[in-house]
Amino acid sequence: MMIKFIFVILFMNLMVLYNKKIMFYYNICFVLSLGFLLKFLFKDMLWINLGLMFGYDLYSFFLLVLSLWILGLMFMTIQLDKSVGESCSKKLMIFMMMLLILVLFFSSMNLMLFYLMFELSLIPTFMMIIYWGMNFERLTASYYLLMYTMFISLPLLIYMMKLFKSNGSFDLNLLKLIMMVNFKFGWWDYLILFMAFYIKMPIYMFHIWLPKAHVEAPVYGSMVLAAILLKLGSYGLLRFMEMFMYNSYSYNYIIFSVGIIGSVVISLVCLIQIDMKSLVAYSSVVHMNVLMCSMMTLMKLGFISAYIMMISHGLCSSGLFFMVNLYYERSNSRLLFFNKGMMNLLPSLSMWWFILCVANFSFPFSLNFISEILMIMIIVSWEIFMMIYLMIICFFSSAYSLYLYSYVQHGYLFSEESLSLINLKDYLILLIHIYPLMMLILNLSFLY
């Protein structure tokens, strides 16, 4: 099954050379994602299509569907771009390369293939920022992206060679069984193994690359970076923590402390932002640090709640970045001051902006709400004193989300010039973001 699916993706890569109709690609992405959801109805209990090199279980399944869903939305976004022109085929090729890398990453059962796809996912993002970034600072942002994410993960490659030398296999399931029985490591081994994933998430203190990359990336780059690429770190952390469960128990509390304090600090940083895109990027750091703390408890419910947060945050943050771009295209500024009073000029966008902002702080009846409730339960059961920090994080999360909504929608207009109207396809993209975010709460069977 997985080989067939990979051949479909390769076929789509070849089609880019001959077929420039973007509608063809996003329709295929949505059909494939719906086909995967249909296959989920007839799933096995644990693994689906498990092979020597490829296979996917519950954790990788919905991230694979999310990748197809977000890539389809990215194709729809460039169809609306007036300035695509001759670069259309280049963008299509980069998107298809990104899709192939993500599919191979989420379905790989081989540790070396897992690592290679983890690193190769940087190349399409780097190209998006360099070629179609916003400002001259895009060079700095792309260098930050490479320095933080690629070079710090090089020690992981060396350590993987050490694992291969001692165990004779790169198979993830086999390594998991071996590591549980007779493998002990120290603090430096722990850092080498997990730091690549912590920085990719990103953890507090190593997060500075993320706001820079988001602010300079084009809208489709921000969408895939927030929705999918941050989840590569979370998914890798989830896989490795299952593999090194008993060993990581001794050191997780240190990273947990950094994550929970970092979430409080970054929540305060969000309140002083004047750039809409930067505010949404910092809010992603808050969510990912709380998600990481949930996984640090090493409990089954902690992994499940973090997994639901991956799905919900992917849809919500991608929608917010798309909304910020809609305002940016019309006001030519991302600053909150220049986008005041938008309810007077674009009242039809106000409802969509409100839904995404309240979903960002886990308002009830969104998928974020379920994930945050479960994460709070599991973290408090792990350590009761964490309740104080979680209360502060929840309060400031709602504060900066409502600050973002009220500042943009209300107040006096900065300029009374007429803005271009919203395209009907913009509403469709917003609906495709919000519909699964609200409807998945009605069917939580993917939890078990």
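Glycine residues also receive a Cβ, built from the backbone N, Cα and C atoms like all the rest.
As the structure is a computational prediction, the values presented were derived from the model and not from experiment.
Positions annotated as domain 'NADH:ubiquinone oxidoreductase chain 4 N-terminal' by TrEMBL: 2-106.
For the transmembrane segment (22-42), the list of distant contacts is 5, 8, 12, 15, 48, 61, 64-65, 68-69, 71-73, 75-76, 78-79, 88, 92, 95-96, 99, 446: same-chain residues at least six beyond its ends, Cβ to Cβ under 8 Å. As annotated by TrEMBL, transmembrane segment applies to 22-42 (among others).
Annotated transmembrane segment per TrEMBL: 58-80 (among others), in sequence order.
Annotation source TrEMBL lists transmembrane segment at 92-109 (among others).
Marked as domain 'NADH:quinone oxidoreductase/Mrp antiporter transmembrane' by TrEMBL: 108-392.
TrEMBL lists 115-134 (among others) with the feature transmembrane segment.
For 141-161 (among others), the entry in TrEMBL reads transmembrane segment. Long-range contacts of the transmembrane segment (141-161) within the same chain, counting only residues at least 6 positions beyond its ends with a Cβ under 8 Å from a Cβ of the stretch, are 111-112, 115, 118-119, 122, 125-126, 129-130, 133, 170, 189, 192-193, 195-196, 199-200, 202, 206, 208-209, 212-213, 215-217.
What TrEMBL records for 181-199 (among others) is transmembrane segment.
Within its own chain, the transmembrane segment (219-238) has Cβ neighbours under 8 Å at 59-60, 63, 66-67, 70-71, 73-74, 77-78, 91, 95, 98, 102, 105-106, 114, 118, 121, 125, 128-129, 132-133, 194, 196-202, 210, 213, 277, 280-281, 284, 288, 291-292, 295, 303, 306-307, 310, 313-315, 317-318, 321-322, 325, counting only residues six or more beyond its boundaries. Taken from TrEMBL, the feature transmembrane segment covers 219-238 (among others).
The annotation transmembrane segment is assigned in TrEMBL to 250-272 (among others).
Per TrEMBL, transmembrane segment is recorded for 304-328 (among others).
Here TrEMBL flags 349-367 (among others) as transmembrane segment.
If you look up TrEMBL, you'll see 373-406 (among others) marked as transmembrane segment. Through the fold, the transmembrane segment (373-406) approaches residues 260-261, 263-264, 267-268, 270-271, 273, 276, 279-280, 283, 286, 290-291, 293-294, 297, 299, 301-302, 304-306, 308-309, 336, 353-354, 357-358, 360-362 of its own chain, all at least 6 residues removed from its boundaries and within a Cβ separation under 8 Å.
Per TrEMBL, transmembrane segment is recorded for 427-447 (among others). Outside the transmembrane segment (427-447) by six or more residues, the chain places 40, 58, 61-62, 69, 72-73, 76-77, 304, 308, 311-312, 315-316, 318-319, 322-323, 348, 352, 355-356, 359, 365-370 with a CB less than 8 A from a CB of the stretch.
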Count, for each of 92-109, 115-134, 250-272, 304-328, the Cβ pairs lying under 8 Å from the transmembrane segment (349-367), and report the range with the highest count.
304-328
What residues in the same chain, six or more past the boundaries of the transmembrane segment (250-272), come closer than 8 Å to it by Cβ-Cβ distance?
187, 190, 194, 198, 203-205, 207, 279, 282-283, 285-286, 289-290, 292-293, 296, 298, 386, 389-390, 392-393, 396-397, 399-400, 403
Mind checking how the domain 'NADH:ubiquinone oxidoreductase chain 4 N-terminal' (2-106) divides into helix, strand and coil residues in DSSP?
78 helix, 5 strand, 22 coil
Can you work out whether the transmembrane segment (58-80) touches the transmembrane segment (304-328), with the criterion being 3+ CB pairs under 8 Å where the paired residues are 6 or more apart along the chain?
yes
When the pLDDT values for the domain 'NADH:ubiquinone oxidoreductase chain 4 N-terminal' (2-106) are averaged, what is the result?
79
Same-chain residues at least 6 beyond the ends of the transmembrane segment (304-328) whose Cβ lies under 8 Å from its Cβ atoms:
59, 62-63, 66, 69-70, 73, 77, 214, 219, 222-224, 226-228, 230-231, 234-235, 238, 276-277, 280, 283-284, 287-288, 290-292, 294-295, 334, 339, 342, 346, 349, 352-353, 356-357, 359-360, 366-368, 370-372, 374-375, 377-378, 408, 422, 426, 429-430, 433-434, 436-437, 440, 447-448
